[in-house]
Amino acid sequence: MNFFTSAVGSKVFKRNNFKYVAIAASSIGLAAYHIRKDAIALDIPNSTYQHVSKNRVPPTDGDGITKRLKEFERTVTVNKDGIFRYDFNQVASNDPCEDDHVEVIDRNIDEGNWYFWGIFDGHSGWNTSLFLRQHLVPAVVRELQKCTASYYHQNACPSSLALDKSISEAFAKVDHQIVHEHVSHVFNNPESLQVAASLLLPALSGSCALLTSYSAKSKSLQVACTGDSRAVLGECTPDGSWEAIPLSRDQTGMNPDEASRLEVEHPGEEVLRNNRILGRLMPSRAFGDARYKWSQEISERLHREYFSASPIPVKTPPYVTAVPEIESITVNPKKHRFLIMASDGLWDTMSSEQAVQLVGEWADTVLGKTTNEKNTTQDDKQSWSLFKKTSKVIDDNAATHLIRHSLGGSDQRISALLTLTYPISRRYRDDITVTVIFFDEKTL
């Protein structure tokens, strides 16, 4: 969403509002004022910055379309710990893109590597997704270190339940920092509107979060989902077909379990209207979105002192939580071949089963043809050749392959969609961010 026309844009802050919001927008580093001092330095294989397209001319032919689709794609070859490689790509609809992402390796949790892949689907601005990219993985690492340390003297690995609890606590702490600690700091330092802008913007906007963690030591995979991004595992079945194994559930008002949870937490109150929180917000779980979490007293004080927009009437907040649902699985690379993670921009146009089929066909063509013939058994040759090809494979990056098909597949269809620029583009497509992780037993 364009910063200066969004709900957290030029009309948010009172008293020379444009000046101070402009400062916050151009210098988001001001948020470092409140970065925790115990932040952990992590190994990031590739830089993870928000992507701003340099291609302002709409593509009109196949080469132009491919160039636009490949602008931010990346392939990282790992070749160890059961991971062959991972592919990433992103195509924006908003300007700037509200999605963000992170890929991290940490070596300080236990005796092996821990891998993290995150996708953060922002809404009402990019500030919350940016904050999550900077802070969520370090927070999770801190909690996992505490968890594994408690098992060290037992010479044992933590249970899945223990790991899940640690990840959930990290999610909750980060959201508490965004929503409550920051506003307390603002109230205690009322003279600094610059700091107020930098601290409150991540609370005013919002973001879903999909974070996958993988332990090289135990081969345990945890997928933590807050919101409606999605993760699905591609499993090779004994008969040579592919099966889509869901590792997350979309958390919206259309999810019956989420609707029931909200009814229990807010008895007698109509929380869902048209399947949206208070008739406004689609995801039922998210970071930020503080208007649905602050008390009426806090919202009204912020309105008096900082905001020009009126607060949402609330009775029993919070209506939205950042506590994730977590699915855990022990990876068996013989059958668990790949994991697809994507923001809802992809899932708006295809099912989990379609995505797994597309990646399976892509792997058949691209990974199959790169097999080393001299060091490969017949079973290995066939391992990526399980499908009759039904879709044209143009890309050597699986994430790009998925995005191409989500936009229609044909050059004519993709060109029409990419010709539309923000804000008109938002009527037809969302930001799309995709990561595909490939597992391989030969890298163990």
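We number each residue from 1, going along the chain as drawn.
Note that Cβ sites are derived from N, Cα and C of the backbone, with glycine treated the same way.
Note that the structure is a prediction, hence the values are computed from the model and not measured.
Taken from Swiss-Prot as is:
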type    : residues   : note
BINDING : D121, G122 : Mn(2+) 1 binding site
BINDING : D121, D344 : Mn(2+) 2 binding site
DOMAIN  : 85-439     : domain 'PPM-type phosphatase'
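Every protein chain considered, the tally of other Cβ atoms within 10 Å of the Cβ of D121 (Mn(2+) 1 binding site) stands at 30. G122 (Mn(2+) 1 binding site) sits 11 Å from D344 (Mn(2+) 2 binding site), counting Cα to Cα. Secondary structure at G122 (Mn(2+) 1 binding site), as computed by DSSP, is strand. The 10 Å shell around the Cβ of G122 (Mn(2+) 1 binding site) contains 32 further Cβ atoms across the protein chains shown. Cα to Cα, D121 (Mn(2+) 1 binding site) and D344 (Mn(2+) 2 binding site) are separated by 8 Å.
For D344 (Mn(2+) 2 binding site), the same-chain residues that are 6 or more apart in sequence and have a Cβ closer than 8 Å to its Cβ are D121, C208, D228, S229, R230, D250, D430.
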